[in-house]
């Protein structure tokens, strides 16, 4: 069975390899944008000749517009041409932003550039997740894990590119200088996504600017440039230009036809098209109040609960990357600044490794099982960090374990929720938006609590967020059972039949027709 499963997934990938690789490369661009701001923020402060308090506003600018981009990204995904066009424009914008950042000599110009990049990142986040889910459906977990692996890969590559060009001493030469050690400590402190409590840090704002960080941004712009080119090639290959194609072509039309064999009968083609229409025609109908009466409460409950799970899980990721350094250098840890600076890198490396290792695990285990292990692992890890709060060694071990456990929650949750809703509604848009909101809101909350209650509250907040996430996941399980019973009881609205060939469930009617084994087809209980 495992061999046949791998064979089917490989067949799906071969039929959609260009789409899939394009979406993965797009998320690499997303990862580049995620991590470049922290290491380069001091050089950008010098470039704009602003204070440290003022330059940290660009963090909020990028994060807020990333949230907005995640929200509006779903509205560009109704057709294949609009989806690919949005991705091409967004990735091209990222390259342009990288190229013009060295030219932004004013703080407002830099904040505007970060806002534009955040908007592009949010659009990429929603559309890429949505397209992979719609292509692979039941098998999307494997490909979503790989998709989010490329985020971590980009987040690791970006600081490595920037590091050789960062200033070792004060990059604004004034009447006096800031020693190298202080600048390195500040850069380590700014390695997170958000920065607080910097009002007591004073650096020169007037004087001669000496920085080579421009080369880092231009290199990243060049590295990212093949991504929009690849998308335009894909658009050309699919013949989606407006002058020679139907602009209303649905998102899955090309994908379903791509995996349909040449010998498929007309009846099978009609069946596949009917299923596609029923499953995806009303992608955003759950967001329209006029049609709300046609859905049960459990339908909306699944959206809300799934969003809350990712709200807290991504909130943990954001707050941990933003404040683990502050926690490590404060009592009772009192780690050296340079040593504490490695924690954020270790956390991102663990997330990247976890997503890579989750790819083969997704072949063997259902998303719900991976989610249970991940959620429990997060809670246990944070609990152990609380118990061994005086151990600097366990802080590094716990950081690594936390990254490994939390890495696969987002892709598994996305695949599970879409599967429950049978790929109807706007689950992907809601989940991606909720994750972005959690990352933005909970970072501010943790920063405020740490400022008023001390560094120990950092882990306590993580424990509370982890428990809340697992609680909402438990509620989701019971609501899912209620939703399943409701949909099965509706007259004339039985769930889409799932077939099994040689013990393997197919993900769509088109895929079913691509397997030449007409015998032993039986329906399966989802």
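For all residues, glycine too, the Cβ spot is worked out from N, Cα and C.
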Note = Students should find that the transmembrane segment stretch in Swiss-Prot, chosen from 297-317, 318-338, 486-506, is 297-317
Note = Expected hit for transmembrane segment in Swiss-Prot across 275-295, 401-421 is 401-421
Inquiry  = Would you say the transmembrane segment (142-162) and the transmembrane segment (401-421) are in contact under the rule of three or more C-beta pairs closer than 8 Å, pairs 6 or more apart in sequence?
reply    = yes
Query = Hey, which bits of the same chain come close to the transmembrane segment (55-75), Cβ under 8 Å, at least six residues off its ends?
reply = 33, 37, 41, 44-45, 48, 86, 107, 110-112, 114-127, 130, 193-195, 198, 283-284, 426, 428-429, 432-433, 435-437, 439-440
Request  = Report yes or no: does the transmembrane segment (430-450) come within contact of the transmembrane segment (142-162), defined as 3 or more CB pairs under 8 Å with a sequence separation of 6 or more?
outcome  = no
When counting Cβ pairs under 8 Å to the transmembrane segment (377-397), the leader among 84-104, 107-127, 142-162, 297-317, 458-478 = 458-478
